[in-house]
């Protein structure tokens, strides 16, 4: 693709200059040889059979052995190792769940029950939350004696976040655990440092809402300070994460080289967002495993294009210009590009360039059918971009529900999930894309959740720009409430949506677990992006911390 042409700065109004990328080209400096991967991979393969034998080779009729296996599966998940043992985990949990009543009949430890609950719900088994009733006293409240069990309280708090719309006991548990965990983390009753840190991490973002790469890195630091940790398991976790880091550095180098070759930065006007590292981080949220390295690269490139398109339409395009771009994308024909001018023409060329890359990759995989699905999802983004631009500038005021429905598509929710399924390789079959395009409840909820969280985070900035297409703004106008009242209501909606996501993942039986996990991982990405601040757009703070944790802080063997 040729270098981008200069944009018309005269049309630049109401927008302030954004800072240039803090990362620059530093990832171009890394040089990783194939032998670096080979050395770590050999060490990993030596340890895997030992871990497998320690965890999964036990008596299938021994209740205590089954409990121990389930608790060990929790360690595998938390340490980022479960993808090495998927078959063993599946078989063990299937067998254990068939005997679930007998398994927990005499169990009265909060930590054990909470962890078993978490593991089964993680893997799609509906274990009833009634199991927690045994921890209530005669007054119907949770027993105060539970507070002394720090790890039990933490695991109970983590279990709460697997709740559905009917798990009312977990709503009670949330208040109970929150009230006490904060003092266990930092107050006068503070736990040992490594446990306090784990509690603080959970209070910021619980494991079920956090992305797997961050959970693994944080949990490795916790686990090695546990007196009863398994040395073999810990070593495997450390080697595995170092192996992941090599892939991550290689991917960042590839994406940075691709972006540099296109020469975007030298010609971009001041409000176009340069987000090479941020888009890679967003892709990492969808899958962290090494076998999906190409998928992360493909996803990061799509996010760069979506960001570029969003800036072109929201910031620089007049309604007529955005209409012309949407029309060209609808036709998907390069011959119509001559009808476009300046930045709209460049945006169209950028889209065509990326999808040509996709076409070549998918053809080599024998999966050309995916391209048609991806093109359709991208056309939807273009249509919804136009719709929101018209609402923001044309005077039409949509209802809150109408805006949320369109806004979820415009922000790229469906295209993001589709791209992540594309990156799964052979796992991403035609049926998965047809399921996504049918817009099941799970997917629609994720679109709405994205729109809500993004608009809550960016409300002040949107209003400063004069950009009125914002969920808070529409809710305030429709219901005649203050910003604070609207914020509380939207936060409540977001909490309810989390429960629906959990509920739908337990209900859906027609899709492979890995496909559903892409939806779960997408939901997790929203919490990571927006819990502290808008990580994608505000690069200081949490993003810097996350990148340091994932790529800079050493893991000592």
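Glycine residues also receive a Cβ, built from the backbone N, Cα and C atoms like all the rest.
Annotated features, as they stand in Swiss-Prot:
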- 273, 310, 314, 451, 454: (2E,6E)-farnesyl diphosphate binding site (BINDING)
- 310, 314: Mg(2+) 2 binding site (BINDING)
- 310, 314: Mg(2+) 1 binding site (BINDING)
- 454, 455, 462: Mg(2+) 3 binding site (BINDING)
- 310-314: motif 'DDXXD motif' (MOTIF)
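In sequence order, 385, 412 are the residues near residue 310 ((2E,6E)-farnesyl diphosphate binding site), counting only same-chain partners six or more apart with C-beta under 8 A.
Taking Cβ pairs closer than 8 Å, the motif 'DDXXD motif' (310-314) reaches residues 271-273, 322, 325, 343-344, 346-347, 385-386, 388-389, 392, 412, 467 in its own chain, all 6 or more past its ends. Neighbour density for residue 455 (Mg(2+) 3 binding site): within 10 A of its CB lie 22 other CB atoms from the protein chains shown. Cα of residue 454 ((2E,6E)-farnesyl diphosphate binding site) to Cα of residue 462 (Mg(2+) 3 binding site): a distance of 11 Å.
Counting in whole angstrom, residue 451 ((2E,6E)-farnesyl diphosphate binding site) lies 13 from residue 462 (Mg(2+) 3 binding site) by their C-alpha atoms.
Per-residue confidence over the motif 'DDXXD motif' (310-314) averages 78 (mean pLDDT, predicted model). DSSP states for the motif 'DDXXD motif' (310-314), grouped as helix (H, G, I), strand (E, B) and coil, give 5 helix, 0 strand, 0 coil. Each residue contributes its Cα atom, and for residue 455 (Mg(2+) 3 binding site) and residue 314 ((2E,6E)-farnesyl diphosphate binding site) these two points are 14 Å apart. In this structure, the CA atom of residue 314 ((2E,6E)-farnesyl diphosphate binding site) is 11 Å away from the CA atom of residue 462 (Mg(2+) 3 binding site).
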